[in-house]
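Everything on this sheet refers to the single structure shown next.
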Amino acid sequence: MDEILILQMGGTIDKDYPRTRMGYNFEVGEPAVRRVLHRLRPARSIITTLETLCRKDSLDVTEEDRSALVERVSTSTQAKVVVTHGTDTLLTTATHLATQLTQRAVDNKTVVFTGAHTPEKFRDSDADFNLGVALGGVQAASPGVWVAMNGLLLPSDRMDRDDTGQFLPKRRQLPVTV
């Protein structure tokens, strides 16, 4: 079984209550993946390595953060990578990574992005479900950049979000006739 590299970028999945006195904003904390894997107890044959690239709300992810992700994925010894990321710009980062991997002719990596609409620390969070789909998906999918959200596993260029923030398959664009 191949080792899976899990990279934390931050986002709602990792958000926690503020640790500062009088704080009112959620803070991106320790990787939720550790707690989720402890609860889910995946098969012993699934070996994971966890690294933090950044701990940011996805609206605060910069081009430098995306470049660091591209570099880390490109140079990793692992061919299977799961990226936890905030949902607001998850598709932007996934598209950027896919483009950069193609330009660099890195065609042996299977990368699955996932996140959560509700922090993992909350009782009704979707974090466990999304991470489970991502871990299964990264082992089964062909090389490329994928997104695992809302029970879907799709190539990043075939995933979209609706006005409520739910991830769904992109609708095919019908040709315009004049």
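Here the Cβ of each residue, glycine as well, is placed from N, Cα and C on the backbone.
Listed in TrEMBL for this protein:
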| type | residues | note |
| --- | --- | --- |
| ACT_SITE | Thr12 | active site, O-isoaspartyl threonine intermediate |
| BINDING | Ser58, Thr87, Asp88 | substrate binding site |
| DOMAIN | 4-163 | domain 'L-asparaginase N-terminal' |
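All features noted in TrEMBL, drawn onto the structure.
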{"residue": "Thr12", "record": "active site, O-isoaspartyl threonine intermediate", "Cβ within 10 Å": "25"}
{"residue": "Ser58", "record": "substrate binding site", "Cβ within 10 Å": "21"}
{"residue": "Thr87", "record": "substrate binding site", "Cβ within 10 Å": "24"}
{"residue": "Asp88", "record": "substrate binding site", "Cβ within 10 Å": "17"}
Diameter of the substrate binding set by C-alpha atoms, the set being Ser58, Thr87, Asp88, in angstrom: 7
Distance, Thr12 (active site, O-isoaspartyl threonine intermediate) to Asp88 (substrate binding site) (CA atoms, angstrom): 9
Rounded mean pLDDT for the residues that make up the domain 'L-asparaginase N-terminal' (4-163): 90
Beyond the site residues Ser58, Thr87, Asp88: chain residues whose C-beta lies within 8 Å of the centroid, for substrate: Gly11, Thr12, Asp57, Leu59, His85, Gly86, Thr89, Leu90, Gly115
